[in-house]
Number of protein chains: 4
Amino acid sequence: MSSTIGTLFKVSTFGESHGKAVGAIVDGCPANLLLSEADIQPQLTRRRPGQSAMTTARDEADQVTILSGVENGKTLGTPIGLMVKNKDQRPGDYGEMSNVPRPSHADFTYQMKYGNRAASGGGRSSARETIGRVAAGAIAEKWLFEQFGTRIVSWVSSVGDIDARDLTMEGLTREQVDANIIRCPDAVAAEKMVGLVKKTAARKDSVGGVLTCVAENIPVGLGEPVFERMEASLAQAMLSIPATKGFEIGSGFSGARMFGSQHNDPFEMKADGRLGTSTNFSGGVQGGISNGEPLVFRIAFKPPATIGMAQETSTFEGEATVLEAKGRHDPCVVPRAIPIVEAMTALTLMDFVLRQAYRNA
Amino acid sequence: MSSTIGTLFKVSTFGESHGKAVGAIVDGCPANLLLSEADIQPQLTRRRPGQSAMTTARDEADQVTILSGVENGKTLGTPIGLMVKNKDQRPGDYGEMSNVPRPSHADFTYQMKYGNRAASGGGRSSARETIGRVAAGAIAEKWLFEQFGTRIVSWVSSVGDIDARDLTMEGLTREQVDANIIRCPDAVAAEKMVGLVKKTAARKDSVGGVLTCVAENIPVGLGEPVFERMEASLAQAMLSIPATKGFEIGSGFSGARMFGSQHNDPFEMKADGRLGTSTNFSGGVQGGISNGEPLVFRIAFKPPATIGMAQETSTFEGEATVLEAKGRHDPCVVPRAIPIVEAMTALTLMDFVLRQAYRNA
Amino acid sequence: MSSTIGTLFKVSTFGESHGKAVGAIVDGCPANLLLSEADIQPQLTRRRPGQSAMTTARDEADQVTILSGVENGKTLGTPIGLMVKNKDQRPGDYGEMSNVPRPSHADFTYQMKYGNRAASGGGRSSARETIGRVAAGAIAEKWLFEQFGTRIVSWVSSVGDIDARDLTMEGLTREQVDANIIRCPDAVAAEKMVGLVKKTAARKDSVGGVLTCVAENIPVGLGEPVFERMEASLAQAMLSIPATKGFEIGSGFSGARMFGSQHNDPFEMKADGRLGTSTNFSGGVQGGISNGEPLVFRIAFKPPATIGMAQETSTFEGEATVLEAKGRHDPCVVPRAIPIVEAMTALTLMDFVLRQAYRNA
Amino acid sequence: MSSTIGTLFKVSTFGESHGKAVGAIVDGCPANLLLSEADIQPQLTRRRPGQSAMTTARDEADQVTILSGVENGKTLGTPIGLMVKNKDQRPGDYGEMSNVPRPSHADFTYQMKYGNRAASGGGRSSARETIGRVAAGAIAEKWLFEQFGTRIVSWVSSVGDIDARDLTMEGLTREQVDANIIRCPDAVAAEKMVGLVKKTAARKDSVGGVLTCVAENIPVGLGEPVFERMEASLAQAMLSIPATKGFEIGSGFSGARMFGSQHNDPFEMKADGRLGTSTNFSGGVQGGISNGEPLVFRIAFKPPATIGMAQETSTFEGEATVLEAKGRHDPCVVPRAIPIVEAMTALTLMDFVLRQAYRNA
């Protein structure tokens, strides 16, 4: 287990689907940040399942409680304990699957690694684990916004084979992202995506998708070469989210098909007196260090592993069997993953900002 | 700076292009591994520039010396100091660039982060930094092979818009990879790639590419959920390599276009009595933990930033200028990146194996 | 803030006196340990104030709840969330002290470090912070006992200038330690100590003391040279406990007055076939590594800083004033510190055991 | 092995007595510090054996080379590689001891932990390991002095049963400490100490001692509660030095015999406008955080384990034998330990200063 991330802004999470609670400890938050549950709840609510036809219908209130680290509405500089109670603490529908590891799910690997597993099967690979991250990320995000005006916005850029048109961040807000249930700001593509997810759900299947995330107003100089280059740490943060299969920054995989003369971002003096670049194939990072341009990256999510459709597979003992998952399951996780991606971005940036401070002191 | 990686198998690297030496300390290597410089040199030699028309012609011998941690041909269990002397310790051709940060290079960001930078410009973003990693990786690789028969092979799967046909690892060896200078085992594609690189070099441009890496004979149960899931740590390791822009595992970005019924890897009993999967869209990982199938992943490399072709850009002070890099530069780094990718894979796996040990004890 | 300790057995604590709760996350506990709140509660109860005339009378139930990481009575291998609610969440008696930093208390330094401080003054230097450690330590202790029969017993060896006679561990149990309220197994000394504490309390003063701790049945080979030698990590663990001023192992400071010919522990074959030593001036550690003999160490605790007696001091602004602490305060903390010392010992050993596993694999 | 220390100022050391070299990597040193070998050499020279009748006569030049991280006389902000070659790389006199673990030496525990050991026996418990620390400490010390005027001075306060009179730091310099070969600034005690060491050496025995260390001009607010309180980290740093048995800060063990009314340090406004304390039983630390008063602490060193005098002991196999160490050995290590203690103090403070920076930003 490695449930702690960060060097100076250190977040440790705990919790499975069916224990008493999930949550996190945030250690290293600067003192005197105005903070209450109301600052944290909105992103938790965006993460919550059952918000729309797109996502599973289990009702989870996910109300966060601050247990420590805040007094008189201000952070103390001490660890902030965060807790969200689980509503349903008993293993239910999941019980009967126990002898058949779900294909491409964590049942098998958890059992092999730990010699035990949660009744829900996936243990910490459960989406519910991400609650602690989202709560912690909301704190980082608030501090970054107050210090630098940092804005982090993620959206759905593809579902299955339906791609949104290329969207720049210019003016793009979370409200616009949330304007439709699939959270794709390209309304035309969004409608097609919703149709695809509905059809997929109807036949008890699931479908993957891609998120784009942009972070603006990032100080120059963040990232710790060599093993914690900005892109390396973002990649780790993003691929620590369940169901992810890929990460790319700036030009990404398409950059591998380009020539240097096309790909290099020329420097130019910006209107605000900052030396910037006229293109951003770098995605805001050079030499592993932020250059002041927006960070732009994408994360690939596989289709959810748990599907109601019949699958031929095998028991733990190797006997062939057919599995049909009971209950309701997310046919597509990308809309719900948005606040998680935003949170992991904020946690990564926050830690880098604090680590850079001594160089500017 | 963050030049240390690993929890139990801990590697710290040091060195720039023009200091006296580069190298690494490997802390946590199990005792009693047979080890000499001869075990480490081959991968360093594969990493060396000037091996072919494909890569830059600077002559660097890159002979490694073991400074500590080995006695009578066996590791002591104590830190292994590794050093490779730099031949050319004085800043040369690079001098005149100092007022113009090279586009998409690390000159600008290092200067902004540290308020200083090496004469060579990129400091630790120099390819020479990777020598320490390759040396350390060779040690990990040897131990993993002796324990589990682990084999790690990487190859060039695309250069620019030329793709190799899909290659499985079955029988693929490093010797086969090295059979041509571009290190692509698809001979037909290799020839085209070489042609493209030559044309690119002729016009003083550079070109990107993609590496595929496969690691076989991996124990089940490696990876530390949640923040050090196998894919998260591999992504961090790979994107810590200079010039990388993307990472994907298994189905990767194409998996985001698939349905769960296609993407799920059904379980089946393998001939060797191990419960495995009949497909491997997961890329050897489920729930962040290795499942015993081969790890399969790809890394995107951008075209090298330093090109001889004239580029319009700006000085540090914002004055427009034209930059033409002097000297010889790599038109394409992917062939040389192969031993680095293999090394970072070995380092990642080695640390996970040691961290898993107590669960099996 | 640095509220996380351990490499593979990682404990993160949170909480102040007057927030909603205190607690910890225990990450890295092996799966399949039988565990319930009943295994943790006894040491929390031993730590509780108000148990006797010796300690402060605030009534705190300190009931622990396991929030995650355990299912069907067994650990899952995932993070174990632990929480103890605070009863009194509002700043009370403490309010009026705010302009006068208590001498030798943490009021001043917390205010200077964080630019803020908890109403209770000391923030994380509060004894209440140790609850998370004691809860986590109980888990480690259970696992160590089951694996190796490890027994950890601490007792009061001096209060003020009253010393217990030299006690060896042979047969010494926690029950015997708890037989009197001062927790000193030398009944004669204990009575004097109790008398001294009563007299000290009567004049609203406080008094220091020393704890001895012995840990038996320790595997050979624990400790990670060079910076995490067994004695270095024990020293860190012990001096992270509030009010500590010193640590010594084996011969300790008296060893500095000895000759090598006296101090060296000769090897001899033990009855159980283990090569041991006939004396134990080393305190169970040689070269930073456990040698299989009992670990023996001592911790000095200063007299508690908060006293009711009038003290001449100064306000934050430098104005001379007289301070008399209101309310009831511990005149002597050493009896209550026993479970904390035992917990920190268990946490230190547990982490070393897990880190050693790969060498024995 | 755990040969890395520090969070932002990270030092990794390598090397045994008989490998090719010993040294360290210093990662996280701020850029633009003027630095050359001449800044590092003096403390290495103070650490060197063979300087006087007090210490062993092996001739070791111990010339340090900076391998990286410095260009044009200034630090780059990148890792600083430091190397000192070993002169004698072959196991010599030590060979014949191999079947008899030296009492209270690391031979036995290294063999048991690693299943292997260096020919010199103690591996990393060798005094030679400390070279890397001393070199790294000199860098930290230079930076701290330039930033805050921090001065760190250690001296011998007892040898065997001979105590120096209580010395305050007022005006005490390293030159005064070095004025006699035992490095005790109390000339009367020094003479007695020298006599004792000579007598001890003459009968092929060894003797222990205590070092006091004072660090002045320390910023308020350093230390990271709870697990890295200033005293906890200092204790760890000091007890990571070979042959140490105890650590105490401020009043230390004598503080455990005091009453709160005696021990509390009253606040008062200092001449320089800083709120300070009129006494310093706290040793410069309250609540784990520096309060601006001098840090004062003491470290107990046992008598060196290797003695020429005949000792009854046992072989690895348990056979009784008599051991007489060949060659020349240090009869007393405390004079040589001074630069090591100073270095570990500097490393600890440096890391805390960098970690505190973001709170002051």
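Backbone N, Cα and C atoms are what each Cβ position is placed from, and that goes for glycine too.
Heads up, TrEMBL stuff is auto-annotated, nobody curated it.
Annotated features in TrEMBL:
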- D:Arg47: NADP(+) binding site (BINDING)
- D:Arg124, D:Ser125, D:Ser126, D:Gly287, D:Lys302, D:Pro303, D:Pro304, D:Ala305, D:Thr306, D:Arg328: FMN binding site (BINDING)
- Task: Sort out the sequence-distant neighbours of D:Ser126 (FMN binding site) for me: same chain, 6+ apart, CB within less than 8 Å of its CB, listed by position.
- Result: D:Glu16, D:Ser17, D:Ala118, D:Ser120, D:Pro242
- Query: What count of other C-beta atoms do you get within 10 angstroms of the C-beta of the residue listed as 'NADP(+) binding site', across all chains shown?
  - Reply: 26
- Note on the structure: Rounded Cα distance, in Å, between D:Thr306 (FMN binding site) and D:Arg47 (NADP(+) binding site) is 19
- Near chain B, which of the binding-site residues D:Arg124, D:Ser126, D:Lys302, D:Thr306 can you find when the cut-off is a Cβ distance under 8 Å? D:Arg124
- Task: Measure from each Cβ of the binding-site residues D:Arg47, D:Arg124, D:Ser126, D:Lys302, D:Pro304 to the Cβ atoms of chain C, and list in sequence order the residues where some distance is under 8 Å, or 'none'.
- Result: D:Arg124, D:Lys302, D:Pro304
- Query: How many other Cβ atoms sit within 10 Å of the Cβ of D:Lys302 (FMN binding site)?
  - Reply: 29
- Query: Counting other CB atoms within 10 A of each CB, which of the binding-site residues D:Arg124, D:Thr306 comes out lowest?
  - Reply: D:Thr306
- Specify the count of other C-beta atoms within 10 Å of the C-beta of D:Pro304 (FMN binding site). 25
- Report the largest Cα to Cα distance, in Å and rounded to a whole number, among the residues D:Arg124, D:Ser125, D:Ser126, D:Gly287, D:Lys302, D:Pro303, D:Pro304, D:Ala305, D:Thr306, D:Arg328 that the record lists as binding FMN. 45
